[in-house]
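Engineer: Input: one structure, supplied below.
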Amino acid sequence: MVVPSPTSMIRTKKTKAVGIPTIDLSLERSQLSELVVKACEEYGFFKVVNHSVPKEVISRLDEEGIEFFSKNSSEKRQAGTSTPFGYGCKNIGPNGDKGELEYLLLHSNPISISERSKTIAKDHPIKFSCIVNDYIKAVKDLTCEILELAAEGLWVPDKSSLSKIIKDEHSDSLLRINHYPPVKKLGNDNWDPSKIQNSNNNNIGFGEHSDPQILTILRSNNVGGLQISTHHGLWIPVPPDPSEFYVMVGDALQVLTNGRFVSVRHRVLTNTTKPRMSMMYFAAPPLNWLISPLSKMVTAHSPCLYRPFTWAQYKQAAYALRLGDTRLDQFKVQKQEDSNDSHSL
């Protein structure tokens, strides 16, 4: 039986059909920057169309993902246990969180990809490595374009203030490919010998959480399941669109914008009849990068909300918690009145 973290169980929040913000990247730049900021403020999530990622780059990685996940369990395990990179099945993180999925997790570093390719695609490692690198380069460029638009919309003097973090050669960015088999197949020995107790569409594929990185660039096949939570606690189903990308604000960007952008909480429910495959590029800083609100974001009316921390420190804190726990609270600046109260004791 799959046991998600307590916070990743299906909650009683209402689910509502709401239009997801869609941003056409072919629009005039000043208009684009305003739309990006608005979407990040209101939802922490939006869809981009007319992007620059070539269709063939997407389709080639799709084919590799389908080929890998169609292998039997023993072949997939030969790709290496996810510690953290490699193949994983049901386990999400080190603290007991689980979901109805299997996945490949890769570091974006080309050398790391080359090494992993030898076990993931033994019969064509160079081809696999090239396909993954092409995809990462394309979505990284898309990420930087969006971050520069956000900086312009926030009137940050240096428009590269955010994108340069991702462009750094030591960036800790990741690529993850998730595969959610149909619920009815999860009891099949070719997938996993464990049996599930329910076969309805409320099974957790991936529990409720926010992403710790700066931005997540996501796309999937034509099978739904992804839901995002609004600031008011409503769950919004996200319609799949294999040719386009969805953008999620992560915890690190929430800090960099001093809370003006809020990381989006999301989850994935499994499908009873069709497999879902999704790809996420997690844009992250280098491990030693000091993360704190941009100076433009801190004013007398908007005091600093977070104390500085390195990306390595935040990762360590995140991995010490359960999937659905709120991580940023421990990095918030204490209110002045709290400090005064403590001194008076």
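Backbone N, Cα and C atoms are what each Cβ position is placed from, and that goes for glycine too.
As the structure is a computational prediction, the values presented were derived from the model and not from experiment.
In case it helps, Swiss-Prot gives these features for our protein:
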{"type": "ACT_SITE", "residues": "R276", "note": "active site"}
{"type": "BINDING", "residues": "H209, D211, H266", "note": "Fe cation binding site"}
{"type": "DOMAIN", "residues": "170-285", "note": "domain 'Fe2OG dioxygenase'"}
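Help me picture where these features are in the structure shown.
Structural biologist: Residues near R276 (active site) in space but far in sequence (CB under 8 A, at least 6 apart, same chain), listed by position: N178, H179, Y180, G205, S220, N221, V223, G224, G225, P240, V268, T270.
Neighbour count (other Cβ atoms within 10 Å of the Cβ, all protein chains): 25 for H209 (Fe cation binding site).
Mean model confidence for the domain 'Fe2OG dioxygenase' (170-285) is a pLDDT of 85.
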Engineer: Report the residues of the chain - excluding H209, D211, H266 - with C-beta within 8 Å of the mean position of the site's C-beta atoms, for the recorded Fe cation site, in sequence order.
Structural biologist: E208, S210, T216, M248, S263, V264, R265, R267
Engineer: Using DSSP, break the domain 'Fe2OG dioxygenase' (170-285) down into helix, strand and coil residues and give each count.
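Structural biologist: Going through the domain 'Fe2OG dioxygenase' (170-285) residue by residue, I get 9 helix, 43 strand, 64 coil.
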Engineer: Return the residues near D211 (Fe cation binding site), defined as same-chain residues 6+ apart in sequence whose C-beta is under 8 angstroms from its C-beta, sorted by sequence, else 'none'.
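Structural biologist: The answer is M248, G250, D251, S263, F282.
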Engineer: H266 (Fe cation binding site) has how many other Cβ neighbours within 10 Å of its own Cβ?
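Structural biologist: For H266 (Fe cation binding site), the 10 Å Cβ neighbour count is 24.
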